[in-house]
Amino acid sequence: MTDITPEASLRSLINSTTHKWIFVGGKGGVGKTTSSCSIAIQMALAQPTKQFLLISTDPAHNLSDAFNEKFGKDARKVTGMDNLSCMEIDPSAALKDVNDMAIANGGDDDGLSGLLQGGALADLTGSIPGIDEALSFMEVMKHIKKQEQGDGEHFDTVIFDTAPTGHTLRFLQLPTTLTKVLDKFGAIAGRLGPMLNSFAGNPNVDVLGKMNELKESVQKIKKQFTDPDLTTFVCVCISEFLSLYETERLIQELISYDMDVNSIIVNQLLFAESDKEHNCKRCQARWKMQKKYLSQIDELYEDFHIVKMPLCAGEIRGLENLKKFSCFLNNKYDPETDGELVYQLEQGL
């Protein structure tokens, strides 16, 4: 416990020069995409000489909707920003790419795609529960490998717009789960090597070698994910019971994974006391409820950076609106002085 109250902003993260991986997650419908876009924009504006990549790992992609432009499975620059790119992982397309790459390379690729080289393993892969998370994890592995080899565009920091909590936890469990599976599988792989190679669809594929290669990559990612200087998780919630409950569960799980988590974004706050023009009883009642849970958040997470974001009447879409809204991550929102800006966002001005 520290005697210093953490700043009610993400300024330290936005200006961080060490973080390589930033995960943004929480319960469905709490504003994860808007928050991840806002973090990515603010980091790109604060550090114009660095390159940032925003990846959506949510099967229901929203980055294209948020920026009002189409993104796909390949990283593409956000129109109007020279150092921010976006991509949306499509599980079915990614799986096809993996199989095509493995077959074309004849096994000369990363460990996981090598194991999927045609045959029965490839047929089974598409129906495996959690394949979306596995393919997202593969993108991380691919990114690390490219950075090490100097291939493709270099990104200093990758921000993940994650799926709802359950999917995200499965994704973050993958390094530990894969390590355990590979350890157990490796114990018998020596005796079953030829059989495994045949099962993979190509007797020339060294399954045991691919497994060891995969294990090394997974351990490297796990080490980075548990380094607080390299990786952090930003929780997003709204000031309601179910969201607060799920946020606490998420934080406890992250702590059990040894992942750094010290920031919470609370979205959709009414700040009704400052709305002098409209005396809305329903708004006042809801704000009273929000304040109750806000006080619990402040008490439970007194050593966290807690950022309180206002509710806008309309959706926050397009780069310019996202820029305006995201500034409240850097400078605490003041309903007395910043209310006009929120009104402009509501009107789409």
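Every residue gets a Cβ built from N, Cα and C, even glycine.
Swiss-Prot lists Lys27, Gly28, Gly29, Val30, Gly31, Lys32, Thr33, Thr34, Glu240 as binding ATP, and of Asn68, Asn212, Asn267 the one it places in that same site is Asn267. Ranking the recorded positions Asp58, Cys280, Cys283 by Cα distance from Gly31 (ATP binding site) puts Asp58 first. Nearest to Glu240 (ATP binding site) in space, judged by Cα atoms and limited to the recorded positions Asp58, Cys280, Cys283, is Cys283.
Residue density at Gly29 (ATP binding site): 11 other Cβ atoms are found within 10 A of its Cβ, drawing on all protein chains shown.
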